[in-house]
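Positions annotated as active site, proton acceptor by Swiss-Prot, on the basis of sequence analysis: 167. The feature domain 'Protein kinase' is assigned by Swiss-Prot to 44-296, with sequence analysis given as support. As annotated by Swiss-Prot, domain 'POLO box 1' applies to 404-482, with the evidence given as sequence analysis. The domain 'POLO box 2' annotation in Swiss-Prot covers 504-586 and is backed by sequence analysis. Positions annotated as phosphothreonine by Swiss-Prot: 10, 201. Swiss-Prot lists 25, 26, 260, 326, 340 with the feature phosphoserine. Positions annotated as region 'Disordered' by Swiss-Prot: 1-23. Positions annotated as region 'Activation loop' by Swiss-Prot: 185-212.
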């Protein structure tokens, strides 16, 4: 019987009944709404669905006594019938419960009933670096340093405790509300029992698999260094080093060490990647060597990052800040194209190469072509006409948008369109195609000129040429506070907020039945007037969020809707969306208010 530190994992005998026989628990049991730990008598309320992976489903769970919120990983015992499955689960729990580090997902206990095993973990609300990567592709060098430093710190702790993670990848590097990295998912992890032990077997396929694992030569801590090399490459280049469309070809490239680093990558960064991706595991740096590399010692590492970095690049003003904030002049960013990290005129970052233009640039149509293609493919399969529709299987909460428009007011006959984002920041797209945004602190401002050049100011210090626009912005903000929203107190500024950049409203138009809004991060939102339903489309995540008449907010992957189908209501809105995206794309000037009627 599998055992975790004196506590057995039991699988009820009836779970082994063959399928199709009445009473067989091979039919998936309903997960209870209240989860009870029989040992401590703690009770948890099962809340929002967070996602699924492997055998497990993950939910937000709330301790009914302390009101603390956790992530509950729930595994049906029907999936733990074979000894190796049970042993794997036992090992995962045993390893994770032995760990306690700032950059490792916190373990808060586990328990079971007849049907499920429940693991109580730290909740990471900002998902993982995988979603960030899908939205951002390549990140700026200071951001890469920030995420890598924390990942290495967590991995140092694992290695010092003789744990090899064996599946370090973007999807297993989770982010909390403070944008701190937490290493999670110890399903493939193992413990080194004695010095020099080489592990021979590995159940499962790691994402960034090292050549010595493929060669079955025995492996150890060096596999995690290889994975960190792949992570660093992916963060800076925007795609994994050995990626091909065919797994066999990818493995061949790994074995041959066949990859190339684009010329625009800083040579210091390229050198560190090359060291970590050496075929010979003994010639790779150890985890303790990494943070002493020039890449980390010579470059700027932000102490905090704003959550806006999940979808748009940050602005780097001063590293570290030495100027009294009250004396700072408004900072104006040099416009280098929308996807380049913004350089501010006042102070340059530590290294010139940090600001080099990424190899790819954001498409001129802001991902409308991709969205059109995605919607065309989806609508072609007629998802609401399937014989069996299982819309809930298409749900993917990890793809939930970072920003959407929560309120808007149309004054375009005189001034422009005012709107509020879900984080309570407020913006106006003026009729002259300029934009002004006030952050949710009620003080910071972002001004975007017609040519997309961005400037950063505050309500206490701005050029007189902007006086009228700032007065109008405040008017819009007050109007929406009084008439359209629950007035909320200003949020307290936190460290890292000075690096925030918000997506802005790129273009919009109204039809008889809806308003269509296109944000600069690629998101398209359609609000339907009659029933107040909304859809929010993200081409980078290839996902749609649907807010129905009951104001329930659910996010689906478009590819999974193709596979599992969807209700007629969502299908008709997705057909309408395709027509609207086509209209957005064909408008000659997709940077302001498009006149339309449909």
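For all residues, glycine too, the Cβ spot is worked out from N, Cα and C.
Cα of residue 167 (active site, proton acceptor) to Cα of residue 201 (phosphothreonine): a distance of 14 Å. For the domain 'POLO box 1' (404-482), the model's average pLDDT works out to 94.
Rounded to a whole number, the distance between the Cα atoms of residue 260 (phosphoserine) and residue 201 (phosphothreonine) is 30 Å. The DSSP secondary structure for the residue listed as 'active site, proton acceptor' is coil. DSSP states for the domain 'POLO box 1' (404-482), grouped as helix (H, G, I), strand (E, B) and coil, give 19 helix, 33 strand, 27 coil.
Across the region 'Activation loop' (185-212), DSSP helix (H, G, I), strand (E, B) and coil residues number 2 helix, 3 strand, 23 coil.
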